[in-house]
Amino acid sequence: MDDWKPSPLIKPFGARKKRSWYLTWKYKLTNQRALRRFCQTGAVLFLLVTVIVNIKLILDTRRAISEANEDPEPEQDYDEALGRLEPPRRRGSGSRRVLDVEVYSSRSKVYVAVDGTTVLEDEAREQGRGIHVIVLNQATGHVMAKRVFDTYSPHEDEAMVLFLNMVAPGRVLICTVKDEGSFHLKDTAKALLRSLGSQAGPALGWRDTWAFVGRKGGPVLGEKHSKSPALSSWGDPVLLKTDVPLSSAEEAECHWADTELNRRRRRFCSKVEGYGSVCSCKDPTPIEFSPDPLPDNKVLNVPVAVIAGNRPNYLYRMLRSLLSAQGVSPQMITVFIDGYYEEPMDVVALFGLRGIQHTPIGIKNARVSQHYKASLTATFNLFPEAKFAVVLEEDLDIAVDFFSFLSQSIHLLEEDDSLYCISAWNDQGYEHTAEDPALLYRVETMPGLGWVLRRSLYKEELEPKWPTPEKLWDWDMWMRMPEQRRGRECIIPDVSRSYHFGIVGLNMNGYFHEAYFKKHKFNTVPGVQLRNVDSLKKEAYEVEVHRLLSEAEVLDHSKNPCEDSFLPDTEGHTYVAFIRMEKDDDFTTWTQLAKCLHIWDLDVRGNHRGLWRLFRKKNHFLVVGVPASPYSVKKPPSGTPIFLEPPPKEEGAPGAAEQT
């Protein structure tokens with residue numbers, strides 16, 4: 001090895017030096033800084049370009065405004081501009097404008113499309129049965145009204161007739177049937193369809209399908225009909241396609257005088273339909289009312305909360321009656337709408353009232369309950385000095401002396417802690433059981449349907465424990481519970497000052513309304529002076545009841561109380577009957593008596609300590625439950641209380657609670 005020499009061609013070996021951690025991280029940081037500088041430079045350049053573009057836009061805008069000011073055009077308000085709006089150019093030549101309309105009718109689905117845009121589609125199960133009606137503006141083609149009438153149910157055909165009669169001449173009418181629409185389609189409705197030019201509508205049969213397009217007072221533009229082949233089946237689906245020529249804007253407008261009221265009217269009538277003479281060109285119905293002031297009005301500054309949803313035609317009718325009542329203060333009225341629906345707010349604006357919308361909370365009964373809570377809370381927040389609030393619903397007619405009735409009785413709520421509310425509604429006040437508009441009662445139930453609520457009761461008791469959104473409870477049933485009422489009573493009139501006209505709602509249909517609401521008596525006499533109002537205070541009322549029972553003639557208990565002959569053919573007398581009532585919640589006989597008297601019998605209402613007061617044959621009729629009522633002492637020793645046994649319940653028959 002002594003003679004070994006390294007090759008001159010091989011590079012000398014040297015140990016590889018490992019890069020330190022410091023140099024490694026320095027290298028990485030240098031690269032990151034370079035990337036960051038590059039991004040920052042790009043961002044600055046982008047901002048510079050944006051600033052330059054914006055400056056150019058501002059200069060162009062100023063130049064355009066300057067040019068416009070040199071040649072100004074007459075200023076146009078909303079209503080004038082609306083009249084000159086042209087709809088989009090439809091197919092056709094020249095000035096002829098045409099809508100393409102499709103209408104579909106079947107067992108489970110209906111739809112309407114206008115120029116390819118679906119304006120109605122209903123395929124929900126167990127909903128939307130009956131005749132769907134759409135109204136289009138004949139000049140613009142926009143939808144002015146959408147309604148569905150369940151003409152399988154009673155009285156819905158009457159509502160349809162009323163609506164169609166209120167549509168202005170010239171409007172485009174579209175009708176289509178879902179499921180079944182003929183069962184309660186009476187002759188009056190068929191005659192109206194015939195007058196519109198329909199051939200199939202008046203002959204509509206069980207489960208037929210039908211689609212119709214026409215102008216009111218003008219030609220039929222298309223119609224299709226499929227007859228059901230058997231009772232157990234439906235007609236084939238029909239699809240109607242037709243052209244609808246549009247008319248000029250001049251034909252669709254009214255030329256009212258330019259006033260603030262008419263501007264409100266024009267705004268309303270250009271958007272919606274089905275409100276009759278309020279949109280008449282020749283003689284429109286007033287939208288401002290001047291009822292007589294109420295002397296010594298004790299409810300002048302009491303806020304009025306109108307609880308509403310998406311039933312604008314109901315709201316329109318209700319507000320007209322409310323604003324016509326003597327002593328009304330429009331500035332105290334607030335309409336609370338459950339949801340952001342446009343047409344109810346249009347109705348509110350038409351009358352120049354305050355409207356508040358809010359997002360619905362909950363479903364079904366819970367949604368209604370939360371709507372009431374939100375509305376009541378908002379009312380007392382809007383009027384922090386108010387001691388009371390009047391609560392109304394959108395489906396009530398209001399009597400002309402509604403505020404007079406409240407003005408004469410509201411002091412009772414201040415002076416008597418044993419009172420829960422004052423209500424304008426008598427649950428048992430039917431045409432054949434109510435007689436005296438000056439007479440008041442105390443009752444253990446809370447009727448609602450036009451009532452006065454004390455602020456302290458709501459803020460201190462009800463609001464803190466109001467049912468939460470997940471509880472599917474009816475708010476009024478909750479308020480009637482003993483835990484809320486706590487032995488307190490409500491003041492009601494013998495003759496109601498409100499009338500429940502609504503037949504469409506969460507817990508309402510035509511059958512139910514026909515049975516329990518249609519024949520309620522409603523006061524139409526103005527200026528009624530209530531009699532002996534202070535006798536409604538707790539102690540005084542007991543004196544009054546004992547006086548009545550002492551003067552009352554005991555009826556013959558061997559007779560059937562359901563027969564007309566049970567009461568003599570007299571007038572102005574006071575009679576009393578004693579029925580079996582073993583304990584406070586034993587209402588077996590009363591329920592059967594209420595049923596045969598054709599008054600409210602689904603649960604117990606209108607009673608005071610086991611006593612019911614009503615009229616029969618214009619005689620004051622008292623019913624006392626024995627032995628539960630303290631007034632049982634007035635029963636003659638020899639008399640036997642009347643007992644009416646309920647009929648045996650049929651197997652599978654629904655109970656009262658299920659029927660409501």
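Each position is counted from 1, following the chain as shown.
Glycine residues also receive a Cβ, built from the backbone N, Cα and C atoms like all the rest.
Summarising the annotation, Swiss-Prot assigns region 'Disordered' to 68-93, 633-660. If you look up Swiss-Prot, you'll see 97-258 marked as domain 'GG-type lectin'. Look at Swiss-Prot and you will find Arg129, Asp179, Arg207 tagged as carbohydrate binding site, backed by similarity to another entry. If you look up Swiss-Prot, you'll see Cys254-Cys281, Cys269-Cys279, Cys421-Cys490, Cys562-Cys596 marked as disulfide bond. What Swiss-Prot records for 300-646 is region 'Catalytic'. According to Swiss-Prot, the UDP-N-acetyl-alpha-D-glucosamine binding site annotation covers Ile307, Ala308, Gly309, Asn310, Arg311, Asp338, His371, Glu394, Asp395, Leu506, Asn507, on the basis of similarity to another entry. Marked as Mn(2+) binding site by Swiss-Prot: Asp395, His500. Summarising the annotation, Swiss-Prot assigns region 'Interaction with O-glycosylated substrate glycoprotein' to 473-481, 506-512, 600-605.
With Asp179 (carbohydrate binding site) as the anchor, the candidate recorded positions are Ile307, Asn507, Cys596, and the one with the nearest CA is Asn507. Using the Cβ center of Arg129, Asp179, Arg207 for carbohydrate, the list of other same-chain residues with Cβ within 8 Å runs, in sequence order, Arg107, Gly130, Tyr152, Val177, Lys178, Glu180, Gly181, Trp234. The two recorded residues, Arg207 (carbohydrate binding site) and Asn507 (UDP-N-acetyl-alpha-D-glucosamine binding site), have Cα atoms 26 Å apart. A gap of 19 Å separates the Cα atoms of Arg311 (UDP-N-acetyl-alpha-D-glucosamine binding site) and Cys279 (disulfide bond).
For Cys279 (disulfide bond), the same-chain residues that are 6 or more apart in sequence and have a Cβ closer than 8 Å to its Cβ are Ala168, Cys254, Arg265, Phe268, Cys269, Glu273. It is 20 Å from the Cα atom of Cys421 (disulfide bond) to that of His371 (UDP-N-acetyl-alpha-D-glucosamine binding site). Using a 10 angstroms CA-CA radius around His500 (Mn(2+) binding site), the recorded positions that qualify from Asp395, Cys490, Asn507, Cys596 are Asp395.
Among the recorded positions listed here, namely Arg129, Gly309, His371, Cys490, Cys562, Gly309 has its C-alpha nearest to that of Cys281 (disulfide bond). Under the DSSP three-state reduction, His371 (UDP-N-acetyl-alpha-D-glucosamine binding site) is assigned to helix. By the criterion of other Cβ atoms within 10 Å of the residue's own Cβ, the least surrounded of the binding-site residues Asp179, Asp395 is Asp179.
Comparing Cα positions, Ile307 (UDP-N-acetyl-alpha-D-glucosamine binding site) lies closest to Cys490 out of the disulfide-bonded residues Cys490, Cys562, Cys596.
In sequence order, Leu593, Cys596, Leu597, Leu644 make up the list of same-chain residues 6 or more apart from Cys562 (disulfide bond) whose Cβ falls under 8 Å from its Cβ. When the alpha carbons of Arg129 (carbohydrate binding site) and Gly309 (UDP-N-acetyl-alpha-D-glucosamine binding site) are compared, the span between them is 20 angstrom. The full span of the recorded carbohydrate binding residues, Arg129, Asp179, Arg207, taken as their largest Cα to Cα distance, is 11 Å.
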